[in-house]
Amino acid sequence: MSGGGVIRGPAGNNDCRIYVGNLPPDIRTKDIEDVFYKYGAIRDIDLKNRRGGPPFAFVEFEDPRDAEDAVYGRDGYDYDGYRLRVEFPRSGRGTGRGGGGGGGGGAPRGRYGPPSRRSENRVVVSGLPPSGSWQDLKDHMREAGDVCYADVYRDGTGVVEFVRKEDMTYAVRKLDNTKFRSHEGETAYIRVKVDGPRSPSYGRSRSRSRSRSRNRSRSNSRSRSYSPRRSRGSPRYSPRHSRSRSRT
């Protein structure tokens, strides 16, 4: 997931474009950017604020995977008392269409469930701070290779699945006992170990709440399939504080 900022350029395809409705009457383009910038580089924001009708907007990302994350993370988001409606335009794709991007594809998934693309190359992570989200964990573990699934649980543990076994092995060797930083700036040293026989509890009772309310938006637990691989080396940490004026 790349950095924020609006990049003006030629229009892309509908996979990168999302619809944002139920906006407050005094909404500005900059406010919309503040709500969505953390999901990735924004190519364009087209705010429609016609007199006599409620405002709405189209936001276009550089990467279709960032658009998918924005739909999942911000649909139903409470912005100054307005519950945002965020979806792909009806002329484009639907949110239930494939399980990810990056050339990997994937099986269809439910809107609120993780993608069906899974891997046996799984590690268990412990010692996560309370504000650590699946996206924070995924970003941290990408230093080892291509992550196809990540999730976090209430007890400070998480699971990460890699596309390749060698990346899983590398993650245990290089990321065990490293400093983890959440999007809220909390830090902790985490432990990374190869998972044993799969526990049926993962992904159910121990999963963090998927509440989409303003004060729990960090807990949206959904993984997009396949992630671009970063070069191996020392992990990079960049806390992502939301600049939205809708704060807790």
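Every residue, even glycine, has its Cβ placed from backbone N, Cα and C.
These figures come from a predicted structure and were not determined experimentally.
So that you can see what the record holds, here are the features copied from Swiss-Prot:
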type	residues	note
DOMAIN	16-91	domain 'RRM 1'
CROSSLNK	LYS30	SUMO2 cross-link
MOD_RES	LYS38	N6-acetyllysine
CROSSLNK	LYS38	SUMO2 cross-link
MOD_RES	ARG109	asymmetric dimethylarginine
MOD_RES	ARG109	omega-N-methylarginine
MOD_RES	ARG111	omega-N-methylarginine
DOMAIN	121-195	domain 'RRM 2'
MOD_RES	SER133	phosphoserine
MOD_RES	LYS179	N6-acetyllysine
REGION	198-247	region 'Interaction with SAFB1'
MOD_RES	SER201	phosphoserine
MOD_RES	TYR202	phosphotyrosine
MOD_RES	SER209	phosphoserine
MOD_RES	SER231	phosphoserine
MOD_RES	SER234	phosphoserine
MOD_RES	SER238	phosphoserine
- prompt: What is the number of other Cβ atoms found within 10 Å of the Cβ of SER133 (phosphoserine)?
  reply: 24
Message: Can you give me the Cα-Cα distance between SER133 (phosphoserine) and LYS38 (N6-acetyllysine) in Å, rounded to a whole number?
response: 14
Query: Given the modified residues LYS38, LYS179, which one's Cβ is surrounded by the fewest other Cβ atoms within 10 Å?
result: LYS179
Model confidence over the domain 'RRM 1' (16-91) (mean pLDDT, whole number): 89
Field: Integer Cα-Cα distance in angstrom, LYS38 (N6-acetyllysine) to LYS179 (N6-acetyllysine)
entry: 21
For LYS38 (N6-acetyllysine), the three-state class that DSSP assigns: helix
Message: Helix, strand or coil by DSSP: which one applies to LYS179 (N6-acetyllysine)?
response: strand
Task: Going by DSSP, give the three-state secondary structure for LYS30 (SUMO2 cross-link).
output: helix
